[in-house]
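Swiss-Prot annotations:
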type     : residues : note
TRANSMEM : 39-59    : transmembrane segment
TRANSMEM : 73-93    : transmembrane segment
TRANSMEM : 108-128  : transmembrane segment
TRANSMEM : 137-157  : transmembrane segment
TRANSMEM : 165-185  : transmembrane segment
TRANSMEM : 200-220  : transmembrane segment
TRANSMEM : 230-250  : transmembrane segment
TRANSMEM : 267-287  : transmembrane segment
TRANSMEM : 294-314  : transmembrane segment
TRANSMEM : 318-338  : transmembrane segment
REGION   : 361-391  : region 'Disordered'
COMPBIAS : 365-380  : compositional bias 'Polar residues'
Amino acid sequence: MIPEQTNHVVSTIENLPAESISASPGPLHRMRNVFSREMLLSVALGQVLSLLICGIRLTSKYLSEDFHANTPLFQSFLNYILLFLVYTTTLAVRQGEENLLAILKRRWWKYMFLGIIDIEATYLVVKAHQYTTFISIQLLNCFVIPVVILLSWFFLLVRYKVLHFIGAIACILGIGCMAGADVLMGRQQKGDFYPGDSKLIGDVLVLGGATLYGISSVCQEYIVRNLSRVELLGMIGLFGSFFSGIQLAIMEHKELLKVPWDWQIGLLYVGFTACMFGLYSFMPVVIKKTSATAINLSMLTAELYTFFCGLFLFHYKFSGLYLLSFFTILLGLVFYFSTNTYVAQDPRVYKQFRNPSGPVVELPSSGQLEPSVTYTSLSQETEEEPRVRVA
């Protein structure tokens, strides 16, 4: 008996339906993938934070140079009081597990340390202006970038790609270009008056402040992703106002008595507090949308916005290097946001900010733990990233 033969139909490119043949993407399509709406939105949100920092620096400059009101602790204290009035009182009137007392019962000491870190980060950088040059502060402030990247890698389990590192390096090169422009245009006039030991102290203060900023940023990212923005700001307002008030009473009460109060100074304090409150309120939103690393890269443009305003307000000299610096930082941001980071979800990692009195999950004692890697997306791509299993 002859076995029945099966007919096999071979599909070639000629007999496939036209809609099943996808042409290779052209340059315009690739540009749209890179400059997606989500990527442009992420860059724009970071620039809003930079503009708020610009407002903070301009009002501080007017207060210190024109009115001789050197009160950085008092200015921060006003912001913490406003955070307390808005967000801490919101927590106080809530019911259940999100109530202020319930949060304090579970996590009070963690937020206490976060509040102290937030206060001292600002204080160290402001104090460094008395010991070292402005250009040194510009350059050493970039130390916050590797701090945030390392902390995000080890504690938030964020994994980066090559383009992320290229973007970060480009942003730091932009800051270096801006510092070079400051030297060429003579904006640094006090640098020769700082003795070596004094300058070393100032540089150490900047590095310490940048490190504390990095720790604070990573803690904020964890809290807004796992808890809530209102809880974060309410706790910072509570502990920040308490500890900054104590530090103000000890270290700055004499300076506060020397302030020549009038309506102009009052208006500058109001403007500073409004910008600072807006920065603190909006930053958790941007962190949740992007990441702690992304916002610290985005805020590198704040110094350039301050310079551009200074062209009209303080008659700074212009140089094309400032524009080159600005576009170099923006190019670095485009590189950084053009691809997605991903988060390794390891079951061996214990969530430290969770309620320690909650139920304990038993991990299997036998067998090899296989942490998975989950990709997070900042774009509207529909293509799914592969799931990776780590042996």
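Numbering starts at 1 and runs along the chain as displayed.
Every residue, even glycine, has its Cβ placed from backbone N, Cα and C.
The highest tally of CB pairs under 8 A with the transmembrane segment (230-250), across 39-59, 137-157, 267-287, 294-314, is held by 267-287. Using a cut-off of 8 Å between Cβ atoms, the transmembrane segment (318-338) and the transmembrane segment (165-185) share at least three residue pairs, counting only pairs 6 or more apart in sequence. Distant neighbours of the transmembrane segment (267-287): 45-46, 48-49, 52-53, 55-56, 59-60, 62-63, 67, 69, 75-76, 78-79, 82-83, 86, 217, 220-221, 223-224, 229, 232-233, 236, 294-295, 298; these residues of the same chain sit at least 6 beyond its ends, with a Cβ under 8 Å from one of its Cβ atoms. Counted over residue pairs separated by six or more positions, the transmembrane segment (137-157) shares fewer than 3 Cβ pairs under 8 angstroms with the transmembrane segment (39-59), which leaves the two as not touching. Between the transmembrane segment (39-59) and the transmembrane segment (294-314), three or more CB pairs separated by 6 or more residues in sequence fall under 8 Å, so the two stretches touch. Counted as Cβ pairs under 8 Å, contacts with the transmembrane segment (165-185) are highest for 294-314 among 108-128, 200-220, 294-314.
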